[in-house]
């Protein structure tokens, strides 16, 4: 199918309500050039692991758990992973592989909702800025890890209230803080505690590290998906070796058991706190990188018959395992710090990047031997995990651009995104950058993602239909879709997200930042979400029908070229879909019977 072939055939336009538009007797189908594919199936699996297992697990999961009561967060997180995360991950893989389209083009399934894909891409552009900035901090620590003694292991003379991180004894004064904390706040970021007077200027050392990160990302992606697939072997596997070593070492630290117990001990009364469930849902999205289009893009480069069910199960379980292991490591270290400083674990209020860049270095400083070796290996691991996540994000954005403008060379798009990402990243490495990060993350990413994922479910599962998705899976994988997946896609997943979304507004509390930054955050949210309405209006204007209702119905149906990439398989898909819609049209008279049929088919697949 490589090349542009011209085929004459007869097509039938199918509508969302099961009616059939007039046939087109003859039509020339110009087959596009076949989509680039992964070199081997294992490259897709490892690339998804490198994408999903990254900052969301090592950086975001521990501090989210810390903010939400440790064990009080873990139970909702596991429930949400089972009922929301895994079903959405599998669904996005199915849609991407079936249609071989990126995160915007996949909404050809219902052009009225194309703005959902555009909004998800814009959210990724926002994430791109601060993910690379966090990555640059890890590079700074990696370079500092070669110093002897470790630069964060001992206090500087002007650090009042400081205790050496390499000290292993017990400190009686609970107000003392480890030197690793002072090093991060005063030496690396020069933190502003408030941003009333601005955010300051970027640290030049971090700016150099940020430039290095973007050079690495550009080098990996400059030749397309095949080069990034080869890099995934190292990016996905090596970090686990270091993480397991750190797990063993952490468990031997004095006081670590109290921190780990705090993570594992359930607090049942917290289960009625909507904020904990809200944190669990958003962490699930970041942990698996769902609802942002990346999974759809990666799956779109698969062969049509690749066993994505197996891959989705492997990745989702591995992601859960990684989050829990990283949580044990971090909470074990926090327990050790609490033991030394005389604090309680629940009183340790480290947040955001601070939790990663203070707790890990503090633990390494207490190692009896080979401190530099472990420091170098850890920050190399953190860099590789972040590099895998960042390359996945850039790949998603590149695919969205090249799906729309296929004539653009891959290297030009990659370099343009790298320049944008570098410029945005400079904002986050200023003394007030963490405050900006919190605003962008809360309003521009977390709230928008929660909103867009509901619209994504409506598009795929309600407009296109769970019943049709089940037949698509049968065509691709020759397997039936279990009732668990169909029920989650139809009702459960959307219901959980909708409840959390409503309560996130009811219980909204602004961040402790100036009013101007809060307004900026809401403007980001409005800009991203407005894409849904803008592109919906555009889709309606493109239609030729006279009545508005007819235009809406037409814009809710798949485009004429929707379906598998291969022409023969697409013809089979269209014929089977046309036959089913004719049968459903004959059986269902009225809205009530149509709804009952859909509910019945959710539990009992034909």
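Glycine is treated like the rest: Cβ placed from N, Cα and C.
Remember, TrEMBL labels are computer predictions, not curated facts.
When Cβ-Cβ distances below 8 Å are used as the criterion, the transmembrane segment (42-59) is approached by residues 131, 134, 228-230, 232-233, 235-237, 239, 243, 283, 286-289, 294-295, 298-299, 301-302, 306, 311, 314-315, 318-319, 322-323, 326, 353, 355-356, 382, 385-386, 388-389, 391-392 of the same chain, each at least six residues removed from its ends. Per TrEMBL, the feature transmembrane segment maps to 42-59 (among others).
Taken from TrEMBL, the feature Na(+) binding site applies to 53, 57, 287, 385, 389. Taking Cβ-Cβ distances under 8 Å and a sequence gap of 6 or more within the same chain, the neighbours of residue 389 (Na(+) binding site) are 50, 51, 54, 55, 56, 131, 289.
Counting same-chain residues at least six beyond the ends of the transmembrane segment (71-91), those with a Cβ under 8 angstroms from any Cβ of the stretch are 64-65, 262-267, 270-271, 273, 276-277, 279-281, 283-285, 287-288, 290-291, 295, 308-309, 312-313, 315-316, 320, 323-324, 327, 453, 457, 460-461, 469, 485, 488-489, 492-493, 496-497. Per TrEMBL, transmembrane segment is recorded for 71-91 (among others).
Residues annotated as transmembrane segment in TrEMBL: 122-143 (among others). Sequence-distant neighbours of the transmembrane segment (122-143) (same chain, 6+ residues past either end, Cβ-Cβ under 8 Å): 55, 59, 188-189, 205-207, 209-210, 212-214, 217, 292-294, 353, 357, 361, 375-376, 379-380, 382-383, 386-387, 389-390, 393-394, 396-397, 417, 420-422, 424-425, 427-429, 433, 437, 440-441, 444-445, 448-449, 452, 524, 527-528, 531.
As annotated by TrEMBL, transmembrane segment applies to 204-222 (among others).
The feature transmembrane segment is assigned by TrEMBL to 234-256 (among others).
The transmembrane segment annotation in TrEMBL covers 276-301 (among others). Listed as Cβ neighbours of the transmembrane segment (276-301) (distance under 8 Å, sequence separation of 6 or more from its ends, same chain) are residues 35-38, 44, 47-48, 51-52, 54-57, 60-61, 64, 67-69, 72-73, 76-77, 79-81, 84-85, 88-89, 92-97, 99-104, 106, 117, 120-121, 123-124, 127, 225, 270, 308, 315-316, 319, 323, 389, 392-393, 395-396, 399-400, 446, 449-450, 452-453, 456, 496-497, 500, 503-504.
Positions annotated as transmembrane segment by TrEMBL: 313-338 (among others).
Annotation source TrEMBL lists transmembrane segment at 373-401 (among others).
The transmembrane segment annotation in TrEMBL covers 413-431 (among others). Long-range contacts of the transmembrane segment (413-431) within the same chain: residues 125, 128-130, 132-134, 136-137, 189-192, 199-203, 206-207, 210-211, 214, 217-218, 221-222, 394, 397-398, 401-402, 437, each at least 6 residues beyond the stretch ends and with a Cβ under 8 Å from a Cβ of the stretch.
Sequence-distant contacts of the transmembrane segment (443-466) (same chain, at least 6 residues past either end, Cβ-Cβ under 8 Å): 16, 88, 91, 95, 107, 109-110, 113, 116, 119-120, 122-123, 126-127, 281-282, 285, 290-292, 486, 489-490, 493-494, 497-498, 500-501, 504, 521-522, 524-525, 528-529, 532, 556, 558, 598, 601-602. Among the features that TrEMBL reports, transmembrane segment is placed at 443-466 (among others).
Per TrEMBL, the feature transmembrane segment maps to 487-507 (among others). If you look at the transmembrane segment (487-507), the same-chain residues 6 or more away from its ends with a CB under 8 A from one of its CBs are 80, 83-84, 87-88, 91, 274-275, 277-278, 281, 447, 450-451, 453-454, 457-458, 460-461, 466, 469, 598-599, 602-603.
Per TrEMBL, transmembrane segment is recorded for 519-541 (among others). Among residues of the same chain six or more beyond the transmembrane segment (519-541), those with a C-beta under 8 A of the stretch's C-beta atoms are 111-116, 118-119, 122-123, 126, 439-440, 442-444, 447-448, 451-452, 455, 511, 548, 551-552, 555.
Below 8 A, the CB atoms of the transmembrane segment (204-222) and the transmembrane segment (373-401) form 3+ pairs separated by six or more positions in the chain. For the transmembrane segment (234-256), same-chain residues at least 6 beyond its ends with a Cβ under 8 Å from one of its own Cβ atoms are 46-47, 49-50, 53, 58, 168, 322, 325-326, 328-329, 332-333, 335-340, 360, 363, 366-367, 374, 377-378, 380-382, 384-385, 387-388, 391. Of all the Cβ atoms in the protein chains shown, 29 others lie within 10 Å of the Cβ of residue 385 (Na(+) binding site).
Other than 53, 57, 287, 385, 389, the residues of this chain whose Cβ falls within 8 Å of the Cβ centroid of the Na(+) site are, in sequence order, 51, 52, 54, 55, 56, 58, 289, 319, 322, 388.
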